[in-house]
Amino acid sequence: MKIYKLQTPVNAILENIAADKSISHRFAIFSLLTQEENKAQNYLLAQDTLNTLEIIKNLGAKIEQKDSCVKIIPPKEILSPNCILDCGNSGTAMRLMIGFLAGISGFFVLSGDKYLNNRPMRRISKPLTQIGARIYGRNEANLAPLCIEGQKLKAFNFKSEISSAQVKTAMILSAFRADNVCTFSEISLSRNHSENMLKAMKAPIRVSNDDLSLEINPLKKPLKAQNIIIPNDPSSAFYFVLAAIILPKSQIILKNILLNPTRIEAYKILQKMGAKLEMTITQNDFETIGEIRVESSKLNGIEVKDNIAWLIDEAPALAIAFALAKGKSSLINAKELRVKESDRIAVMVENLKLCGVEARELDDGFEIEGGCELKSSKIKSYGDHRIAMSFAILGLLCGIEIDDSDCIKTSFPNFIEILSNLGARIDY
């Protein structure tokens, strides 16, 4: 895919960007904890979340889909399927399903694409094995394909060494099948969509006052079925916010955006850098929803070291903002970036250098010198959708060719369409 330099300003109101991926995954998987029909409007129709629907279908769920409206009727009992459960490129789907299936009677095989099958799963499989789960795979169940032989699980008191919503949710799902009350704690608050959704479903969980600890009781009855409208994904919206900031005389309004406090840290960083950006809450139901207004802005360099778990998906796009800011910027305490869909630290630095930007790898992040003269280049996405989309936005300023852009479809299938509607010229 080739993005050409955009010569005109962007002025738009965007109402139909991609639905939130985290909530879409959880809606599908959590429906298996109910016994009645679950409904979602604005379900994300991307490869990752469609794979999750196929997984729960193979476990016995019945699914009706009309456009982005999805109905799920869970099975009375989870089936032990005669096929591999394909998670595609989604670490969320795989890690949550490991936790869900560990305590379910049956035999299950989880696999994914070549990128997912090289991402670490021991952070889930190890604590589950310690409470009685039987999980088999390469490198001591660290790499998929993974085979799970469901067992009755023992109660646990688990303290996670990393701040990860995927680890937290996997442990919550396993706790529902344990033989007694379980507790989970983390060093800092990760995304809390699971807690929000499960509380709305009347799940037997209790969150501590500081939000860092959970008490989870075994399920004694099915949870309340869901009927929700899924808001738009702030991680997807971030690319167009960045576009409005870096393109002269531009303004964008994005509506129906998820504004959960654990999802807007990157927006707050842009504000600290000088971005003319406003977030307005319009709805507070099981999640906080609102709109974002942003316009062309001059950015200043910044050091980012806190709340990294809240901006891990936006980090590649933030690196683009760093490259266009005045002065030096840095991101640290972000070692988790090395085990995402790609090694995002190495890949961002490599590709920024190709575009004429001074950038340096750190063990747990990167340093970027802003204000360098940009040059058109061909970059490698390494199959990482967030790398591809971040450099597509930079391409609006200098022209960029991306070797593999098909990966964008895993999370944001209409990204190219929206970019084209904003005036971008794209050879695809």
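Count begins at 1; order follows the chain as displayed.
Using the three backbone atoms N, Cα and C, a Cβ is placed for every residue, glycine included.
Pulled from Swiss-Prot:
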ACT_SITE  Asp313  active site, proton acceptor
BINDING   Lys21, Ser22, Arg26, Ser164, Gln166, Asp313, Lys340  3-phosphoshikimate binding site
BINDING   Lys21, Gly91, Arg119, Gln166, Arg344, Arg386  phosphoenolpyruvate binding site
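Structural mapping of features recorded in Swiss-Prot.
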residue	record	contacts (Cβ under 8 Å, 6+ apart)
Lys21	3-phosphoshikimate binding site	Leu44, Ala46, Asp48, Thr49, Thr92, Asp233, Ser235, Ser236, Ser411
Ser22	3-phosphoshikimate binding site	Thr92, Ala165, Arg191, His193, Asp233
Arg26	3-phosphoshikimate binding site	Leu96, Thr169, His193, Ser194, Met197
Gly91	phosphoenolpyruvate binding site	Leu116, Arg119, Gln166, Lys340, Glu341
Ser164	3-phosphoshikimate binding site	Arg123, Glu186, Ser190, Ala309, Glu336
Asp313	active site, proton acceptor	Ser235, Arg386
Arg344	phosphoenolpyruvate binding site	Ala315, Pro316, Leu337, Arg338, Asp384, Arg386, Ile387
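Cβ crowding, taken as the number of other Cβ atoms within 10 Å, peaks at Arg386 among the binding-site residues Arg119, Gln166, Lys340, Arg386.
When secondary structure is read from DSSP and collapsed to three states, Gly91 (phosphoenolpyruvate binding site) falls in the helix class.
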